[in-house]
Amino acid sequence: MILLKELQIKNFRSHSDSKIEFDTGINLIAGRNGAGKSSILEAILVAFYGLKPATLRKNDLVRVNSSGYSLSLTFSLNGDDYTISRKSNGESILTGKEIVEGDSNITEWVERHLCPAHVFTGAIYVRQGEIDSIIRDDESRERIIRQITRIEDYENAWKNLGAVIRMLEREKERLKEFLSQEEQIKRQKEEKKAEIERISEEIKSIESLREKLSEEVRNLESRLKELEEHKSRLESLRKQESSVLQEVRGLEEKLRELEKQLKEVVERIEDLEKKAKEVKELKPKAERYSILEKLLSEINQALRDVEKREGDLTREAAGIQAQLKKAEEDNSKLEEITKRIEELERELERFEKSHRLLETLKPKMDRMQGIKAKLEEKNLTPDKVEKMYDLLSKAKEEEKEITEKLKKLIAKKSSLKTRGAQLKKAVEELKSAERTCPVCGRELDEEHRKNIMAEYTREMKRIAEELAKADEIEKKLKERLEKVEKALEKQETVLKYRQMVDELKALENELSSHDAEKLSAESEEYRKVKERLDGLRGQQKILLSSASRIKELKSSLREIEEALKNVESERGELHRKIREEGFESLEELEREVQSLRPFYNKWLELKDAESRLESELKRREKLEDEISEAIAKLEEANGKAEEIRGQIDELLRIYSEEEHRRLSDEHLRKSKELAGLKSRLETLRESLQSAEKDLKFLEEQLAKMDEYRKKVEVFEKIAIPELTRIREKFRKYRNLVAENSMREVERYASQIFEELTEGKYSGVRLKKTTERGKEKLKVFVVYQGEEREIGFLSGGEIIALGLAFRLALSMFMIRGKIPLLILDEPTPFLDEERRRKLVDITTNYLRKIPQVIIVSHDEELKDAADKVIFVESQGGVSRVRYVEAQ
């Protein structure tokens with residue numbers, strides 16, 4: 001026995017995060033259309049069996065803007081609790097008494113321990129619109145009954161056996177065709193033996209020829225190896241000879257260059273010896289020039305410094321004298337200005353208090369004037385602003401009132417449109433219906449069709465009129481709302497001006513206790529006196545600074561006069577130094593330096609002759625050593641060249657280039673011939689291997705002939721006749737099972753329907769009839785001992801019969817017990833009276849089932865429910881809450 005306990009749904013269909021708890025008895029899932037009720041039943045189906053029986057794609061189930069769904073279903077099976085958790089990414093697990101992982105493994109476990117998927121969807125879970133489809137639709141009824149009674153399994157077995165028999169017949173014919181080729185295969189075997197013998201003889205002949213040719217090639221290779229060694233040795237000696245001769249030429253060139261350099265060095269030594277002698281003669285005059293030139297340079301620099309300092313001091317003294325005169329004049333003006341400052345300070349003190357007060361009030365006065373200017377700019381007064389604020393408050397109230405009316409009106413229109421759509425759909429179905437009324441389920445005739453269509457047309461007209469009135473009211477409300485919203489657009493501006501008026505009143509009240517005109521006049525007088533006083537103080541500061549420097553300037557002037565005396569003393573000291581060197585004047589010293597300069601320059605030109613002479617002497621010694629070394633190397637290289645020439649002549653007596661070329665050509669020709677023989681041998685061996693393989697295959701085929709003859713005999717005498725007999729038994733047993741299954745379903749349905757209709761109908765019959773050459777399974781009810789077609793039943797009775805059949809199929813599959821029943825919208829197109837009657841009929845019977853789950857938006861079913869689960873849509877998301885059962 002199975003009982004569902006709890007279902008947790010995340011991001012599945014319209015459910016974001018829902019938790020549903022189920023109890024025993026009747027669980028009603030209620031709510032408006034589109035709220036997400038049926039999604040709960042789909043979640044149960046997917047949790048048990050995965051996506052396949054739901055005939056849905058994963059992407060259709062995942063909630064918008066989420067990455068994937070997850071489901072968790074807790075249930076009790078034979079007293080043990082289990083939980084199945086499935087995710088859209090394939091992560092699935094069953095926990096409880098057993099632990100099972102993986103989508104397919106869990107589905108297999110459910111089908112083994114609970115029931116197969118087709119049983120669940122055919123009997124336990126009746127989807128929306130299918131409760132009476134088994135009664136109204138002949139094809140649907142026969143398909144469901146064939147699935148649940150497993151008649152299709154026997155038909156499939158009968159068809160599959162036919163396919164097996166045909167396959168054996170084809171295999172038998174194939175084997176016979178093969179046996180007919182026995183003589184041809186024997187002939188092919190003898191031909192292959194002859195081919196193998198011929199190829200073997202040719203291989204022996206070619207192998208003998210190849211061995212002889214291989215020996216000749218080996219001898220040629222040995223002689224060619226000797227010649228290659230001689231050739232290689234000869235080429236090596238010639239390279240050595242070329243290298244040595246090149247070395248000889250290089251040494252001869254080097255020797256000539258060294259002798260040339262030695263000659264040039266000897267000539268430079270002779271010239272430098274003459275210059276060294278001249279340097280010794282010029283040295284005393286050069287030294288005298290250096291001493292006097294240094295003295296002259298120092299005295300000239302000192303005289304320039306003295307003259308510069310003398311000029312700077314003279315200019316500085318003139319400047320100080322001018323400043324001293326100005327300071328003495330400023331000192332006489334200072335007393336007069338100080339007296340004037342004292343007078344203005346007393347006058348400033350009289351106006352200071354008024355000025356300070358005005359400075360405090362000035363920002364507020366400016367703000368008040370600014371507010372007045374802004375209001376005048378907009379042609380506003382405080383009274384006008386107050387009136388605007390009152391109008392704004394009224395507009396807010398009116399907006400709230402209109403918005404509330406629009407909400408109620410839109411809700412009413414939505415309800416009218418929904419009812420109109422239902423009526424339109426019902427009218428369309430009435431137009432196309434043939435025998436049964438889709439509204440009440442009764443037999444349909446033209447008068448009944450016209451009456452219902454007229455009633456529905458009148459109601460649709462009334463709904464259209466109400467919708468038109470509602471549209472007109474909505475239009476007027478929206479026009480009023482638009483005007484109010486335009487008025488409210490100025491809300492921020494009105495509030496801003498009202499705040500400015502409040503501020504203006506506060507400022508006027510605060511400033512009314514002060515004489516602003518008097519304060520302004522006294523403040524202006526204060527500003528003027530302050531301006532004159534600041535000017536005099538600036539002058540006083542400048543004069544005071546100037547007068548305070550008189551003493552300092554006189555002291556600086558005395559210091560400059562002393563410095564000028566020192567400068568004159570330094571000039572006399574410089575002239576004394578000139579006389580000490582034996583010159584009467586600076587000009588005489590300059591003439592002496594000028595006369596010695598040519599001797600000094602000549603000495604500078606020749607002074608490094610001695611060091612250069614020493615360097616050239618060392619260079620001469622080095623060149624003489626290098627020449628001796630080059631002569632020795634040249635003699636050695638000439639000897640080596642003679643030795644190599646002798647070895648080359650000796651090698652040419654035993655090596656012939658002509659013989660080498662001739663033997664190489666012969667070796668190439670015979671190598672190609674040998675390669676051709678090897679290639680031919682490989683081809684022959686491959687042909688031999690292929691022929692031997694073909695021979696083996698032919699021998700194997702001949703060996704199979706007896707086995708295939710036995711197989712053909714088994715097929716003809718045993719397998720095919722026996723399978724044909726078994727297939728015929730399946731055909732007979734299929735008909736027997738079909739008859740027994742239908743009688744059992746018929747018995748269960750009769751019991752349930754009789755109880756649902758409180759004995760009005762005493763039975764249900766299933767009969768096969770033929771219409772237009774096609775066999776159909778039709779349903780009849782027994783009323784007062786007579787069989788009647790289902791057109792005799794009312795709409796509620798049709799639903800009851802459909803429910804009886806669904807329950808009968810469930811009992812057939814699970815041995816007479818119904819632990820669980822799930823119904824999705826069992827009352828489509830029934831009016832209030834018929835729905836109430838169906839509730840009355842079915843409630844007592846459904847209470848015999850341990851657990852029933854019904855999805856419906858009909859209020860009448862709440863009376864029959866033990867638990868009411870209410871589903872509503874909020875912002876496109878399904879929300880679940882529980883309502884107390886009535």
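For all residues, glycine too, the Cβ spot is worked out from N, Cα and C.
Looking at the stretches 9-38, 129-158, 489-518, the one that Swiss-Prot records under the feature coiled coil is 489-518. It is 400-433, from the ranges 366-399, 400-433, 434-467, 842-875, that Swiss-Prot records as coiled coil. Taking all protein chains in view, 25 other C-beta atoms sit within 10 angstroms of the C-beta of GLU797 (ATP binding site). Sequence-remote contacts of a segment are chain residues at least 6 beyond its ends whose Cβ falls under 8 Å from one of its Cβ atoms, and for the coiled coil (400-433) they are 33, 439, 444, 449, 452-453, 456-457, 459-460, 463-464, 466-467, 470-471, 473-474, 477-478, 480-481, 484, 829. Here the binding-site residues are GLY34, GLY36, GLY795; the one with the fewest Cβ atoms within 10 Å of its Cβ is GLY34.
Note on the coiled coil (489-518): residues 354, 357, 361, 364-365, 367-368, 371-372, 374-375, 378, 380, 382, 385-386, 388-389, 392 of its chain, located 6 or more positions outside it, place their CB under 8 angstroms from a CB of the stretch. Across the domain 'Zinc-hook' (392-489), the DSSP tally of helix, strand and coil residues reads 85 helix, 2 strand, 11 coil. ARG13 (ATP binding site) is surrounded by 21 other CB atoms, counting those within 10 A of its CB over all protein chains shown.
In the predicted model, the coiled coil (545-713) has a mean pLDDT of 83.
Of the listed binding-site residues, namely SER38, GLN128, the sparsest Cβ surroundings within 10 Å are found at GLN128.
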